[in-house]
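Colleague: Please see the structure below; I have some questions.
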Amino acid sequence: MLCRASQIRRCATGLSHSLSQVTTSRQKHSLPDLTYDYGALEPHICAEIMQLHHSKHHATYVNNLNVAEEKYQEALAKGDVTAQVALQPALRFNGGGHINHTIFWTNLSPNGGGEPQGELMEAIKRDFGSYQKMKDKMSAATIAVQGSGWGWLGFDKESGRLRIAACPNQDPLQGTTGLIPLLGIDVWEHAYYLQYKNVRPDYVKAIWNVINWENVSDRLHTAKK
């Protein structure tokens, strides 16, 4: 039981670190504005999907995260460890949903697509052999996610190399694997079903046309500091 409690505390610490990158502590989390219109990513991602995904799904994660954090603070103040443990799933799910989507929106751009340049491209060639090999490997890992989840290109700070990973549900990459997220592809059905139905591979193929490589490059530069 003590071992299990220790594992829960470590998970909570990792998630809290990730959440601190979205907003400072003791502040209510809020839905970030998009820098482009809901229809700006068409024809690759339709406006209806973007509107529902951002204003409904992401907003729900934000609202539920704020509620869970309030309850957690109350439990901390009371010294109620049982309640703290019971709130971990809600914090992980909604906190991860907020973290993941906040990254996702910036990873996309109506002026995206093509191939990365500079330092990012050199890192991709070094760690995967070529851009196409990285793209194929990440696409395959993302498509293969069972149920709902995310495919990620992340930075391993310890080795200084890029890695591809997949996370189930809304598990945040850094909080659960230690990898710093650079590029995420959401494969929850709400991200594509209205347009692509159950053909996830077509959605994953299309999303590369709107990847904001400048944002991914900036994230790599920051991660290496």
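Backbone N, Cα and C atoms are what each Cβ position is placed from, and that goes for glycine too.
The structure displayed is predicted, hence computed values, not measured ones.
Residues or ranges marked as domain 'Manganese/iron superoxide dismutase N-terminal' by TrEMBL: 28-109. Among the features that TrEMBL reports, Mn(2+) binding site is placed at His53, His101, Asp186, His190. Residues annotated as domain 'Manganese/iron superoxide dismutase C-terminal' in TrEMBL: 116-219.
I'm curious about the neighbourhood of these features; can you describe it?
Modeller: Counting residue by residue with DSSP, the domain 'Manganese/iron superoxide dismutase N-terminal' (28-109) contains 58 helix, 1 strand, 23 coil.
Sequence-distant neighbours of His190 (Mn(2+) binding site) (same chain, six or more apart, CB under 8 Å from its CB) are Ile49, Leu52, His53, His57, listed in sequence order.
Looking just at the domain 'Manganese/iron superoxide dismutase C-terminal' (116-219), the mean pLDDT is 98.
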Colleague: Same chain, not part of His53, His101, Asp186, His190: whose C-beta falls within 8 angstroms of the C-beta centre of the Mn(2+) site? Give them in sequence order.
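Modeller: Going along the sequence, the neighbours appear as His54, His57, His58, Phe104, Trp188, Ala191.
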Colleague: Among all protein chains shown, how many Cβ atoms are found within 10 Å of the Cβ of His53 (Mn(2+) binding site), not counting that one?
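Modeller: Excluding its own Cβ, the number within 10 Å is 22.
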Colleague: With an 8 Å cut-off on Cβ-Cβ distance and a minimum sequence separation of at least 6, pull the same-chain contacts of Asp186 (Mn(2+) binding site), or say none.
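Modeller: His53, Asn100, His101, Phe104, Trp150 - these are the non-local Cβ neighbours of Asp186 (Mn(2+) binding site), listed in sequence order.
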